[in-house]
Amino acid sequence: MKIQCAIIGSGNIGTDLMAKLQRSPVLEPAWMVGIDPDSDGLARARAAGLKTTHEGVDGLLPHIEGDGVRIAFDATSAYVHAENDRKLQEKGVMVIDLTPAAIGPFCVPPVNLKDRIGDGATNVNMVTCGGQATVPIVAAVSQVQPVDYAEIVATISSRSAGPGTRKNIDEFTRTTSRAIEQVGGAKQGKAIIILNPAEPPLIMRDTVHCLVQGKPDHKAITESIERMVAEVQRYVPGYRIKNGPTFDGQRVSTFLEVEGLGDYLPHYSGNLDIMTAAAARAAEIFAESLQSASDAPATA
């Protein structure tokens, strides 16, 4: 039986996430929560058979138990996530946070998803689009040899940056920098985001620079990065290396691009697509652990 889910936020990310959850073998999107009764996201959700409310999380709370909602995705804003999380936690709902609020531990699926399941976290943070794209590369390098400093530059199309993204720019840089260190393994991390107004819009591009201790092991680092890219491609097929890794002294540079699947968002919105795909991937693994727990025979 599929695990019932609610999506909080009916904007670009929430609507694209709904499309991905509808394909999931273990997740069932049951609710879409918004605040604008006329939003396109709520209209699409109703057409897809989901229950909807435009009264925010408060409109969902009375129905959580009756509809068996076990997992909620918060695709709203860092500024309201704390309150949403408090209300959902009181109802025993697992929260996947797609905002930069970072109340719970970071989750970058190919790097530390198993750790998050093992530590019993009830709120996990999906970092940022830049974090999901670049932290795996930093981690791949640091698995080979220590990284003293890592700097990432995420360039996204202005068209793919909605009001939520623009409002959370400062949180984006802080949260991504922390994830580079805490998940990627760099001693010091820095993140930069660039909104590119070019027309036609360009797909997401990311640059990852790592300064390693000692002379870089070219072969081992290249193989580690290639393995990590293959892991990300399992849930983001449009994730690929554009150039690199290249080596200049102790600096290792990798140039990436991320093309979206085009579920609800245009193909150039790879920055949003990698967030929804990573969140769906994480939730599927959590759902499987919930199913395993419920299927396990009771012991005296």
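Every residue, even glycine, has its Cβ placed from backbone N, Cα and C.
According to Swiss-Prot:
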BINDING   Ser10, Gly11, Asn12, Ile13, Ser160, Ala161, Gly162, Pro163, Gly164, Thr165, Arg166, Lys167, Asn168, Asn271  NAD(+) binding site
ACT_SITE  Cys129  active site, acyl-thioester intermediate
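Known features from Swiss-Prot, placed on the structure.
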residue	record	CB count, 10 Å
Ser10	NAD(+) binding site	27
Asn12	NAD(+) binding site	22
Cys129	active site, acyl-thioester intermediate	30
Ser160	NAD(+) binding site	24
Gly162	NAD(+) binding site	14
Gly164	NAD(+) binding site	19
Arg166	NAD(+) binding site	11
Asn168	NAD(+) binding site	19
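Separating the Cα atoms of Asn168 (NAD(+) binding site) and Cys129 (active site, acyl-thioester intermediate) is a whole-number distance of 12 Å. A separation of roughly 13 Å, to the nearest angstrom, links the Cα atoms of Cys129 (active site, acyl-thioester intermediate) and Gly164 (NAD(+) binding site). The DSSP secondary structure for Ser160 (NAD(+) binding site) is helix. Spanning the listed NAD(+) site, residues Ser10, Gly11, Asn12, Ile13, Ser160, Ala161, Gly162, Pro163, Gly164, Thr165, Arg166, Lys167, Asn168, Asn271 have a farthest Cα to Cα distance of 17 Å. Reduced to three states, the DSSP call for Arg166 (NAD(+) binding site) is helix.
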